[in-house]
Amino acid sequence: MRKKIIFFVLLFVFLILVLVGIFLKQYDLIYNFGRFICFDCIGL
Amino acid sequence: MKKKLKLSSRRIIQILSFVIFNPYILLNPKTGKVLYQGKIKSLCVPILNCYSCPLAIGSCPLGALQQTIKISQIPYLVLGFFGTIGIFIGRYPCGNFCPFGFLQELLYKIKSFKFRVRRPFRYLKYIFLFLSFSIPFLYKEPFFCKFVCPAGTIEASLPQIIFNPALLSNVSWIFYLKVSLGISFIFFSITTKRFFCSTICPIGAIYGLFNKISLLQIKYDKNRCSKCGICNAVCPMDINIYENPKDIDCIRCFNCVKKCPHGALKISNNLKK
């Protein structure tokens, strides 16, 4: 029972985080990072 | 006689994952663009896969995490993404989806002297994880992408410079540092089982935290175990699975489950009694 509670509480927390991220449109941020060559990644 | 090439189901999944996460130039050989810029880039892939790779169509979650922290935002989406995957399957993506892990397994097949990573070194990845959060926050630099990531060097730097040699005139000392680290990575991958995954990878470090509580587990039956050591020998992470089936380094490849002659290891659901 304890395992189930921990599992579902954590799942709930992470899903809330995802929803908050979607609400804040963080996918647009991620898109803007990824759509250009990342000069940090390639060492320039 | 020629030896027949026999691929395990995990190998097939690894090859498929590589193609699914990196199909860009294969699908668009005539576009002339060396970077995918479509909307799929707003999604993270569940593994280390540089978004500046000319083949990549998704974003690297570690890069997205650091870049979000760098602009002083809390990375809710990436943290929730990591947590949701981790809570269900732990480090399964490392063992089955990660092209970089796959590359290391192929490199380890090269005949050479081999050595094991000692236990304390396996916790180094948590230092890299800490630095991946703290340095972007304090100094506004994506520490791991900029100074360490050999995936960025191998998947992005070198191909981008090959496609656009003009970039070479702008390289800084960081490029040479990363190339040196990339070469060291190749050397250590030949001599040590999944060296990068066990000692450096911050994504593996995050997923590893969930190995104890994730839904997907390996169940160990000590009454059936003869401690023959076959599970240790086939483990790509070089861990003693019968000592700790919930080890933070277990990448859920299930080689041990398949090869155990006594059926002492089984795939199980953590919520079942």
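We number each residue from 1, going along the chain as drawn.
Each residue, glycine too, has its Cβ placed from N, Cα and C.
As given in TrEMBL:
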- B:216-245: domain '4Fe-4S ferredoxin-type' (DOMAIN)
- B:246-270: domain '4Fe-4S ferredoxin-type' (DOMAIN)
- B:12-27: transmembrane segment (TRANSMEM)
- B:76-102: transmembrane segment (TRANSMEM)
- B:123-139: transmembrane segment (TRANSMEM)
- B:173-190: transmembrane segment (TRANSMEM)
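Distant neighbours of the transmembrane segment (B:12-27): 34-36, 45, 47, 49, 53-58, 96-99, 101-102, 105; these residues of the same chain sit at least 6 beyond its ends, with a Cβ under 8 Å from one of its Cβ atoms. Looking just at the domain '4Fe-4S ferredoxin-type' (B:246-270), the mean pLDDT is 93.
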